[in-house]
Amino acid sequence: MINLEDYWEDETPGPDREPTNELRNEVEETITLMELLKVSELKDICRSVSFPVSGRKAVLQDLIRNFLQNALVVGKSDPYRVQAVKFLIERIRKNEPLPVYKDLWNALRKGTPLSAITVRSMEGPPTVQQQSPSVIRQSPTQRRKTSTTSSTSRAPPPTNPDASSSSSSFAVPTIHFKESPFYKIQRLIPELVMNVEVTGGRGMCSAKFKLSKADYNLLSNPNSKHRLYLFSGMINPLGSRGNEPIQFPFPNELRCNNVQIKDNIRGFKSKPGTAKPADLTPHLKPYTQQNNVELIYAFTTKEYKLFGYIVEMITPEQLLEKVLQHPKIIKQATLLYLKKTLREDEEMGLTTTSTIMSLQCPISYTRMKYPSKSINCKHLQCFDALWFLHSQLQIPTWQCPVCQIDIALENLAISEFVDDILQNCQKNVEQVELTSDGKWTAILEDDDDSDSDSNDGSRSPEKGTSVSDHHCSSSHPSEPIIINLDSDDDEPNGNNPHVTNNHDDSNRHSNDNNNNSIKNNDSHNKNNNNNNNNNNNNNDNNNSIENNDSNSNNKHDHGSRSNTPSHNHTKNLMNDNDDDDDDRLMAEITSNHLKSTNTDILTEKGSSAPSRTLDPKSYNIVASETTTPVTNRVIPEYLGNSSSYIGKQLPNILGKTPLNVTAVDNSSHLISPDVSVSSPTPRNTASNASSSALSTPPLIRMSSLDPRGSTVPDKTIRPPINSNSYTASISDSFVQPQESSVFPPREQNMDMSFPSTVNSRFNDPRLNTTRFPDSTLRGATILSNNGLDQRNNSLPTTEAITRNDVGRQNSTPVLPTLPQNVPIRTNSNKSGLPLINNENSVPNPPNTATIPLQKSRLIVNPFIPRRPYSNVLPQKRQLSNTSSTSPIMGTWKTQDYGKKYNSG
């Protein structure tokens, strides 16, 4: 702290030794004015007061501040000291020479006028008390301005806006705006000057002016670089000190000749100097007319002043040429900074051998062309000089985009090290790795992902085109389009007709969707001995097959001929040229089948065999057609008594395919002809090529296991053929013992039951005496084809089984055949009631004997242990009387038992 008593002793007391409030306020005001002075101006005051001039700005300010505050000391209050310092500050602002402080203080204490003191001090000879001339030494700028000033009168205010007007009072001078490298101020328009006053509401200021002919021609020339700009600055009550930023009152609305100016004249908030002047050039009128400029503002708290100047524009490209002429940042300086940075990392415990530098401009995010930065920047990253200049033309922040320090155009330089890297690396390089010795390595982007994406994109159209071409070549305009979806997994099995496509569930579903329509033109009765082989071969071949009628006349060659479709299928898979011929054959078969569905073929009256027909209403179900209930289906209402049904079953709530059979071959499941079974997936209509249309004998199907725990699996049993009755063979499917499996009895409950109104007759002594000694069938359904044919006329007809149900052959597994020596449990109830109710049945076929059957106890679920009741079901398992849906498809009302067992 500098002791003022060492430099100044005030022994002469003032007129008033007690400080007043006015004196305190005057001291504070003088200190505020002093803090706005520059360092050179502070030194001038220190010279006048005989204070040392060495030190920083803060030291000089503290010295003068303490000198003023000592004037308020009790007993030593000095109002003349404050007036003297204030007079010196006023002389500095007027760029006038300063007198010696002691002379000034004595004149103030004696009451000498200030003008006389100034003249005497400036003209009088040096005195003994003065250690320096009366005119304090000034800076070169002040001496240059002072030399033009008269000693007897003040200089008139210049026309140049850079000059300041001088007066004895605190007059507001003209504003000297901060210079911009993008334009040079040429001339002021005297009439285009407006003042913005402080207002609490809406205010408006306007100016009217005319341009001279020379000025108008200069501004209206399209190739001219001159513009008419409107500047605005805030008035400082302490006076303008130069380099004032451009600031417009906000909010505002600027209009020139009733056209609103939409230039960005606001800039960034809380960042003075980022606003641009308003360009009035495009809206000027000819020199013979008067121009009107209006500024509407509101709620201004400070005064503003607006000036119109004619300026000369400088483009960023012209500034870039100047930057390129500046000295470059040499490579050695960059390498030194790089080594220093890596060394600092090592001192901090970080082992850094290299660093990565981006070659992209942080302003445009494009590859740099003119890598530059300020000479004061302490970083390695550069930016593009041209992009930087264009960005400053829009919003003049003049800050480094990397480190945010202020940048002057004179300090902008090109980096020689980065420019050398840009010249020697490829254009697609965005980053380089730098080492401490200055070596760099280009970092290339990994283009494998983009290449793979482009390759996939190029392959996809080709693949789609090939599929489209194949589709067009294999289709005909007059024939239906059939798409073959056989996968490659079917090819190995196509070579062997005895191997079924039973690999996995996906293959099984694929076979379900690839079944095609089959036209049956032969009789199955004449080829009974070879049914198994024929059916097995037909299952392996999922394409369209047309069996010739000669197949029925040659019993011994039937098996060999049935192998032909399987071999043809193998050839189709191996030879792509045969696909078109097969598709045409399939289309012709389908077309012929559609034409023949509504025609009935009558046989001769003297023939003992029934007539052939392709009418689906005649319910020509062959043994190979299999129906598996998958989901709950909507079926017509059945009016029969539900208590007379055999093999009552729970509904398939989960909608899954039952697992009680295997997909080895085509085991039969008979359903009622009045039930319309819909498949969950679309399938092509088909029928077995080796089975008869109307001569199928009645079938016996074990629908469930014995409730007492018998493990006899469900199997469709066909009695031997008799010439005088309608009989059926044991099974039309070829069963392989190693592929047969016995599933848990839970899934066997998913089989379908059939109405008891269907009348069945048997005339086989082996069936009545040996296989079924007690003439009682537990869980069996006996159907006759004749009865099925007549029921189509008595019940609402819906197609019994769609022809595409043959596609379920591969998805429905088959249990092994029923042993012939297994005894059938008889009903303990000797009421003599038949197993099947025949009250509403159709007339029986002639020459047939009815098997006396007793009414069986109702089987609800084979997994529930037997109850002591015999005729009444538990309430939880009682049938719904209000259900309008037939129980054939398993739509029983289930509660706890159904949920428990079906969930397994």
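Quick reminder: no glycine exception, Cβ is built from N, Cα and C everywhere.
The shown structure was predicted, so the numbers you read here are calculated from the model rather than taken from an experiment.
Swiss-Prot records phosphoserine for one of Ser132, Ser180, Ser672, namely Ser132. Residue annotated by Swiss-Prot as phosphoserine (from the set Ser153, Ser608, Ser794): Ser794.
Burial estimate for the binding-site residues (Cys400, Cys403): highest at Cys400, by number of other CB atoms within 10 Å. Each of the binding-site residues Cys377, His379 was assessed for Cβ neighbours inside 10 Å, and the highest tally belongs to Cys377. Mean pLDDT for the domain 'PINIT' (162-314) in this predicted model: 85. Counting residue by residue with DSSP, the domain 'SAP' (34-68) contains 25 helix, 0 strand, 10 coil.
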